[in-house]
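Residues annotated as domain 'PABS' in Swiss-Prot, with sequence analysis given as evidence: 5-238. Swiss-Prot lists Gln33, Glu108, Asp140, Gly141, Pro165 with the feature S-methyl-5'-thioadenosine binding site, giving sequence analysis as the kind of evidence. The annotation spermidine binding site is assigned in Swiss-Prot to His64, Asp88, Asp158, Cys159, Thr160, Asp161 on the grounds of sequence analysis. Summarising the annotation, Swiss-Prot assigns active site, proton acceptor to Asp158 and lists sequence analysis as the type of evidence.
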Amino acid sequence: MSQKEIWSETLHANFGQYFSVDKVLYHDKTEHQDLIIFENATLGRIMALDGTVQTTERDEFIYHEMMAHVPLFAHGNAKRVLIIGGGDGGMLREVCRHQYLESITMVEIDAGVVEFCRQYLPNHNAGAYDDPRFNLIIDDGVNFVNTTDQKFDVIISDCTDPIGPGEGLFTSEFYQGCQRCLNEGGIFVAQNGVCFLQQDEAVTSHKKLSNYFADSGFYQAAIPTYYGGIMTFAWASQNPALRHVDLATLQQRFDNASFTCRYYNPAVHVGSFALPQYLLDALFTGCTI
């Protein structure tokens, strides 16, 4: 029996995870980062940037549903959405399911990610790039939010980890820019790592977001692909009530949307804001594990 090639993630220095490679579909350096897309017998097609897994066909729906539907159903009347990053197309797919939206803008720094994910991960976008409401802008997200004249109801930062091209999307400059281009009652959410292993990211993000938003916090989802399992998402708004929309209201909005999900539902939405004590201790007492 021939031995399969092994691809190892390099996100953490002292531990990590590996994946067997059935077939490499694409591997090269784009203008900004190393991009590989390969097939795995269990997880389907996997895309990684600079040695860190970004998405897999098997469980991408969890990440994309929770980042898209939690803020959109909490808002309840969003018309304009901004996605920062998201070049694989999965976030766009989920956002496009909300038929009442009038405009969906995606700002992606790396055109290569969009091009090759459209070719090799077509199930992620599922045709969403052809939605007439969609506008793609190739630009740095920090620059865009600090220079645009547009306003948005929901901003979703579908960023990489705070290294390489994604580093700027965890800065005060970026958070301040998002605050300036959010409409009144708007919501900002962002990928914020696996808090058990990356607590410093959550603590730092919380401190920075608190400087620009009246209400900031986190919600979570269990996503097997990301080492450590429990992914944390940053949340920020000027209206604290948006983080506490009741179950009955969410259920009505979800029913009116007339689509189903594989992970998200209104009860999961409410429960996702219940945080483990170790994270609360890190955020509010400075005690870390």
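Using N, Cα and C of the backbone, Cβ positions are placed for all residues, glycine too.
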Which secondary structure state does DSSP assign to Asp158 (spermidine binding site), in the simple three-class scheme?
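Asp158 (spermidine binding site) sits in a strand per DSSP.
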Round to the nearest Å and give the CA-to-CA distance linking Gln33 (S-methyl-5'-thioadenosine binding site) with Asp158 (spermidine binding site).
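One finds 16 Å between the Cα atoms of these residues.
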Three states by DSSP: which one describes Gln33 (S-methyl-5'-thioadenosine binding site)?
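Where Gln33 (S-methyl-5'-thioadenosine binding site) sits, the three-state DSSP reduction gives coil.
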Per DSSP, Glu108 (S-methyl-5'-thioadenosine binding site) is which: helix, strand or coil?
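Reduced to three states, the DSSP call for Glu108 (S-methyl-5'-thioadenosine binding site) is strand.
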Can you count the other CB atoms that lie within 10 A of the CB of Asp88 (spermidine binding site)?
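The answer is 26 other Cβ atoms.
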Out of Glu108, Asp140, which of the binding-site residues is least crowded by other Cβ atoms within 10 Å?
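Each of the binding-site residues Glu108, Asp140 was scored; lowest Cβ tally within 10 Å is Asp140.
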Compile a sequence-ordered list of residues in the same chain as His64 (spermidine binding site), six or more apart from it, whose Cβ lies below 8 A from its Cβ; state 'none' when nothing qualifies.
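Gly90, Met91, Arg93, Glu94 - these are the non-local Cβ neighbours of His64 (spermidine binding site), listed in sequence order.
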Give, as a single whole number between 0 and 100, the mean pLDDT over the domain 'PABS' (5-238).
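Looking only at the domain 'PABS' (5-238), pLDDT averages out to 94.
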If you measure Glu108 (S-methyl-5'-thioadenosine binding site) to Cys159 (spermidine binding site) at Cα, how many Å is it?
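Per the Cα atoms, Glu108 (S-methyl-5'-thioadenosine binding site) and Cys159 (spermidine binding site) stand 9 Å apart.
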Around the C-beta of Asp158 (spermidine binding site), how many further C-beta atoms are within 10 angstroms, looking at every protein chain?
27
Based on DSSP, name the secondary structure state of Gly141 (S-methyl-5'-thioadenosine binding site): helix, strand or coil.
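Gly141 (S-methyl-5'-thioadenosine binding site) sits in a helix per DSSP.
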